[in-house]
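Report on one structure; see the data block that follows.
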Amino acid sequence: MRKTKIVCTIGPASESEEMLEKLIKAGMNVARLNFSHGDQAEHKARIDTIRKVSKRLGKTVAILLDTKGPEIRTHNMKDGLIELEKGSEVTVSMTEVEGTPEKFSVTYENLINDVEEGSYILLDDGLIELQVKSIDKANGEVLCDVLNTGELKNKKGVNLPGVKVSLPGITDKDADDINFGISEGVDFIAASFVRRPSDVLDIRKLLEAKQNKNISIIPKIENQEGIDNIKEILEVSDGLMVARGDMGVEIPPESVPMVQKDLIRQCNKLGKPVITATQMLDSMQRNPRATRAEASDVANAIYDGTDAVMLSGETAAGQYPEEAVKTMRNIAVSAEAAQDYKKLLSDRTKLVETSLVNAIGVSVAHTALNLNVKAIVAATESGSTARTISKYRPQSDIIAVTPNAETARQCALVWGIFPVVKEGRKTTDALLNNAVATAVETERVQNGDLIIITAGVPTGEKGTTNMMKLHLVGDELAKGQGIGRSSVVGKTLVVKDASELEGKDLSESIIVTSSVDETLVPYIENAIGLITEENGITSPSAIIGLEKGIPTVVGVENATSEIQSDVLITVDANQGKIFEGYANVL
């Protein structure tokens, strides 16, 4: 199972039912709606289509609303474009004017109070660089030197690297879009241009005003101020997006890789999901294959510890949206296969602080590694059980069984979790049986697999994860008293006396009989297992099993009548149990 989650931006290239079905089948876990483009009616139609297709496919797909944020842009230029020449001077006005090579204006009138002489102003993703020469507050104008030649078009982005701006945390448009998202039941809000904790709390207040506790807030870190305040921001957030686009303009590009690693590490420490975004497979907007550098970029983000990787223009407006998702999926699977999960668990155990909450998670992860369990099945109301286990990055699949669709969608962003919605159970036994049955239904486990079940007891209460149980999936045919500590898999041979065994090849047979006498001993020596109805550690069956080192189970009631010949079974002498088919016993 792929563990790294894939976030896809939905736009004109991917909004159709046909293409959304392809993206979901290719591996999309979260659909991102970019509210910097389009109106609410367009996004409403996309939300409806995403839900329709995901329901039809029986797949869990979460929806992430990405706000436009308090960005700064230029106003319009004369004839739509002006050219700024290196070495010339240009005035940036706080009052809207039609842009010329001598003067243009910006949408943020308080810029004049935030910059100082020597500050840099970057235009159009940093393609044009200006340096503040003088400030005329009386006339609301900032005179700048043009440091490189370039064309400036309408409504281009403006960045102020190293400048603490006094922009609001969210704009009126953001608030309106967030309220729209609440009414539509989106799962995540990605907050653009977050600089300080108060920016996140402004959104939290909007959610609380609507009594909404289900939507998670994912701040996007895109500037130096956000980087500087990251610890405080994470304290009030539910996750993080490493938005490398504007970040690479606001800080030196060579600093981005190390900042990415640090931001991911801090999220890993707290067990909060982190998305790595921007230009991951950028060339696939135009080409059907990714570059080698892009493949390395995606893989290294996974090695850094990201929960999810994101596609932007590749799926929103690119020519090859399906191919981009498949490429992302294949890179993730390949990178995950190369992970040293033993070292990863050791590193995570040191990184994540010890607490009662984390105790069950680390115990489950260590047990899963040591016993090579097939899957970890977490019965969870809120998703916290599965998320706690995910912190430790177990190699085993994490199957989160929850009665809440909202919880399942929240888990869609978290590394390694495969969420399944299933009606809850009131008793512990029913809870465990339901968890096992659901795991089998996913086809990620099958009869004979060893799994770990974890849950909270009593059932139905949030935050009570306190139980871990090893469970062998499969039908238990019978049980008795085990002789020895080994196990064996083979075909049954039910016999009444030694005459039935003459001339038979017993090298792969498990003999099933009522009792053992001296005529059977020579044949038992050539068999690989023994099951008998006679009781006791001192019975002939037990003695021959011990002497010959053959996995043996004695005291199995009605063994000769209830077990058929030529049936593949597993004899677990350690537990005294007999399973149908192959079972991965300890």
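Quick reminder: no glycine exception, Cβ is built from N, Cα and C everywhere.
Of the residues THR67, THR276, THR278, Swiss-Prot puts just one in the substrate site with ARG32, GLY245, ASP246: THR278. Going by what Swiss-Prot states, the ATP site holds ASN34, PHE35, SER36, HIS37, ARG73, and the candidate of LYS133, LYS137, LYS153, LYS156 recorded there is LYS156. Considering only the residues assigned to substrate binding, ARG32, GLY245, ASP246, THR278, the longest pairwise Cα distance works out to 18 Å. Following the DSSP three-state reduction, the secondary structure of PHE35 (ATP binding site) is coil. Cβ packing within 10 Å was compared across the binding-site residues ARG73, LYS156, and the lowest neighbour count falls to ARG73. Of the recorded residues, ASN34 (K(+) binding site) and GLY245 (substrate binding site) place their C-alpha atoms 14 Å from one another. Scoring each of the binding-site residues (GLU222, ASP246) by how many neighbouring Cβ atoms lie within 10 Å, the top position goes to GLU222. Around ARG32 (substrate binding site), the C-beta neighbours below 8 angstroms that are at least 6 residues distant in the chain are VAL7, CYS8, THR9, ILE10, LEU64, ASP66, ALA190, MET310, SER312. Taking the Cβ of LYS220 (site 'Transition state stabilizer') as centre and 10 Å as the limit, one finds 24 other Cβ atoms among all the protein chains shown. Neighbour counts of Cβ atoms within 10 Å were compared across the binding-site residues THR67, THR278; the minimum falls on THR278.
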